[in-house]
Amino acid sequence: MTIQWFPGHMAKARRQVQENLKLVDIIFELIDARLPISSRNPMIDEVIHQKPRLLILNKADMADESETRKWVQYFADKGQTAVAINSFEGKGLQSVTKAAKEILAEKWERMKSRGMKPRAIRAMIVGIPNVGKSTLINRLAKKNIAKTGNMPGVTKAQQWIKVGNEIELLDTPGILWPKFEDQEVGLKLAITGAIKDAVTNMEDIAVYGLKFLSIHYPNRLEERFGITSVSEDLVETFDHIGKLRRVFGQGGEIEYDKVAELIIRDVRDQHFGKLSFDLVDEQLEKETIQEK
Ligand SMILES: Nc1nc2c(ncn2[C@@H]2O[C@H](COP(=O)(O)OP(=O)(O)OP(=O)(O)O)[C@@H](O)[C@H]2O)c(=O)[nH]1
């Protein structure tokens, strides 16, 4: 689904999240495990004030496992609980319930000590488009409830979905916009297919992917395309891949747009294995520079 995020739509989405915020004890912020920074809403902290939050790194089945472990630790170091799951196959769902209970344990204890009866934890999922919100709701509910493609601003009666005895989940997820004004973030969202409709052209996305692989995963690039670096002259690299994979037009010429599509497809279909495009070390480096 494509949402054109005009300022009016952003305000509406934000308002909708903020209205539902009042109904819940905790926010489940869904992010893409391959992009734990780039797939977060840039204004999340402003949209969600003073609510306990659990970060859920979804699509962990597609991310570099060692990187995901480092991300969970990165967030822990900042005092934020994060869990990695695969909603598609329903893996790691228990960790969501467990972490939510731990985050709210003190509050629940306080309520009990005041003589209040313990009740289910009320939660709402928020995240950018296509991050897997509906898939997770359906997995937690163990049935098909959430229609994929809820548009912000479309109001309907809210329902609570029971997740075991311990959690009640709002059936409508909050959709927030990504950081599309940052070009590199746009490229990362595009190369992973995190956002289907590319903000930039296919060749730019493919070149970004190749360069990223040559720096961070050169062995995998060599295995698939027989190169470890991308030449200054990009035509040379595209020619090489085009010939290797026989991407010829009718006159025998190499079709560069098809080569670009092939590279992107290879990344998305995991022919380079599990990949993470936001890397903890790079993020820490950025933060050190910002602090100076
Ligand atoms: N591999 C993998 N794919 C997933 C996972 N979770 C969701 N998907 C896929 O990601 C795509 C988007 O999932 P949705 O549940 O529709 O995402 P959404 O956040 O509800 O999307 P919007 O309705 O656009 O806001 C679908 O093709 C899902 O099958 C996961 O953990 N692993």
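Residue 1 is the first one shown; counting continues down the chain.
Just so you know, glycine gets a Cβ as well, placed from its N, Cα and C.
Fair warning: this is a prediction, and the values are worked out from it, not measured in the lab.
Per TrEMBL, GTP binding site is recorded for N58, K59, A60, D61, N86, S87, N130, V131, G132, K133, S134, T135, G174. The Cβ of G174 (GTP binding site) has 27 other Cβ atoms within 10 Å, all protein chains considered.
The domain 'CP-type G' annotation in TrEMBL covers 14-178.
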> Mean pLDDT, the domain 'CP-type G' (14-178)?
Replying inline: 91
> According to DSSP, does N130 (GTP binding site) fall in a helix, a strand, or coil?
Replying inline: coil
> Least buried of the binding-site residues N86, N130, going by other Cβ atoms within 10 Å?
Replying inline: N86
